[in-house]
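S.K.: As annotated by Swiss-Prot, substrate binding site applies to Thr49, Cys50, Asn51, Arg52, Ser107, Glu112, Pro113, Gln114, Gln118, with the evidence given as sequence analysis. Marked as active site, nucleophile by Swiss-Prot: Cys50. Sequence annotations record features per position, and here Swiss-Prot assigns site 'Important for activity' to His97. Positions annotated as NADP(+) binding site by Swiss-Prot: Gly187, Ala188, Gly189, Glu190, Thr191, Ile192.
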Amino acid sequence: MAFIALGINHKTASVAVRERVAFTPEQMVEALQQLCRLTTSREAAILSTCNRSELYLEIDHPTADDVLAWLADYHRLTLDELRACAYVHQDEDAVRHMMRVASGLDSMVLGEPQILGQMKSAYAVAREAGTVGPLLGRLFQATFSTAKTVRTDTAIGENPVSVAFAAVSLAKQIFSDLHRSQALLIGAGETITLVARHLFEQGVKRIVVANRTLERASLLAEQFGAHAVLLSEIPEELANSDIVISSTASQLPILGKGAVERALKQRKHKPMFMVDIAVPRDIEPEVGELDDVYLYSVDDLHEVVAENLKSRQGAAQAAEELVGSGVAEFMQRLRELAAVDVLRAYRQQAERLRDEELGKAQRQLANGADPAEVMAQLARGLTNKLLHAPSVQMKKMSAEGRIDALALAQELFALDEGAPRH
């Protein structure tokens with residue numbers, strides 16, 4: 001038995017490669033079942049996000065070559081392409097990796113809270129697929145428990161430093177009371193979703209989501225009581241927008257200086273806070289030259305992120321120590337589980353011997369034998385049978401000079417005297 005954690009992430013693979021190794025939600029159940037059917041994986045779960053694709057496995061041997069081959073084949077990569085950017089962690093290292101990931105210690109943004117929810121979703125999907133059993137299930141539960149401890153006992157989750165958090169925190173600096181502010185969000189991807197959530201939690205007066213497709217904008221808007229519009233309707237919304245945050249995949253700017261200038265006139269030059277998170281940029285840089293416009297780029301936000309990260313290094317160290325404790329505790333429990341089957345078999349053997357001797361005693365009593373003698377014979381017989389196999393093995397070990405095994409037997413039976421002598 002071995003635990004394996006393997007995959008690629010933002011540190012080992014480019015976006016182009018990560019896109020090729022990503023699993024869509026629609027693929028997940030079938031992929032998990034195929035993984036367990038075609039490889040030596042007995043239990044499996046898959047975590048697939050924009051920054052990582054990882055497989056968590058309970059496998060019957062300590063290598064994962066067949067799993068890497070399956071992953072490459074599934075996504076139509078060559079094995080060499082995958083090996084060039086993949087990592088494989090085994091047993092204690094695999095446990096540590098999972099706990100670090102769930103705690104946000106392996107994330108692009110240190111301590112980001114979304115990853116724990118994503119890992120819980122991966123576990124839920126694996127359960128739905130029927131590919132999680134008792135061992136991997138215990139590891140996930142221990143991982144969630146450790147991540148929760150990290151969140152509650154350290155400051156790793158305080159003053160979040162994701163780009164979305166940074167954008168909203170800057171907005172709070174510009175507008176002291178967000179309850180009176182209206183926001184226009186351009187795009188409907190993961191980052192804009194996070195921005196929408198943070199603005200909603202801050203009680204922003206009104207949120208408008210603009211996207212290339214109205215369906216996608218509506219799906220996001222429904223989550224936060226927002227209003228959905230098409231990109232073509234942005235000029236009509238600009239004049240009412242105190243906050244504009246954009247993150248799309250457009251190759252050309254969506255907002256130009258002229259459109260913003262016209263909106264400012266309608267606003268009577270009331271300040272407008274704008275954040276362009278997109279690469280390439282959604283908002284023409286010249287917009288920042290306008291009075292009453294506070295325009296920030298993704299690079300500006302990264303400076304905020306980097307500054308906040310410095311203050312969280314102490315929290316990160318404390319989190320690493322908690323992860324270490326979580327790993328040690330889980331590995332100890334895992335080792336204890338290894339004794340369960342042996343203890344169960346030993347108990348069954350003892351109960352069988354007990355039943356044999358008890359049946360013999362009951363027959364003797366039925367035939368009128370002296371109860372005291374029957375009890376004595378029962379005790380002697382049970383003692384002899386229970387000691388027979390261990391006695392034979394200890395004599396054999398002694399003859400072979402296995403003093404260490406005899407010392408272990410003494411510890412096993414909690415004997416105070418009769419220690420083996422060299």
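From the backbone N, Cα and C atoms, a Cβ is placed for every residue, glycine too.
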S.K.: Compute all pairwise C-alpha distances among Thr49, Cys50, Asn51, Arg52, Ser107, Glu112, Pro113, Gln114, Gln118, the residues listed as binding substrate, and give the largest one in whole angstrom.
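M.R.: Max span of the substrate binding residues, Cα based, is 15 Å.
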S.K.: Taking only the Cα atoms, work out how far Ser107 (substrate binding site) lies from His97 (site 'Important for activity'), in Å, as a whole number.
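M.R.: About 11 Å separate the Cα atoms of these two residues.
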S.K.: Excluding near sequence neighbours, so keeping only residues 6 or more apart in the same chain, what lies with its CB under 8 A of His97 (site 'Important for activity')?
M.R.: Ala5, His89, Asp106
S.K.: Within 8 Å of the Cβ centroid of the substrate site residues Thr49, Cys50, Asn51, Arg52, Ser107, Glu112, Pro113, Gln114, Gln118, which other residues of the same chain have their Cβ?
M.R.: Met108, Ile115
S.K.: If I take the Cα of Gly187 (NADP(+) binding site) as reference, which of the recorded positions Thr49, Cys50, Asn51, Pro113, Gln118 has the closest Cα?
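M.R.: Comparing Cα positions, the closest of these recorded positions turns out to be Cys50.
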S.K.: Determine the Cβ neighbour count for Thr191 (NADP(+) binding site): the number of other Cβ atoms within 10 Å of its Cβ.
M.R.: 22
S.K.: How far is it from Thr191 (NADP(+) binding site) to Pro113 (substrate binding site), counting Cα to Cα, in Å?
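M.R.: Per the Cα atoms, Thr191 (NADP(+) binding site) and Pro113 (substrate binding site) stand 13 Å apart.
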S.K.: Using the CB centroid of Gly187, Ala188, Gly189, Glu190, Thr191, Ile192 as the NADP(+) site centre, which other residues of the same chain sit with their CB within 8 A?
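M.R.: So the additional residues around the site are Leu185, Thr193, Leu194, Val195, Leu220, Ser247, Thr248.
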S.K.: Could you check what DSSP calls Gln118 (substrate binding site) once collapsed to helix, strand or coil?
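M.R.: Its secondary structure by DSSP: helix.
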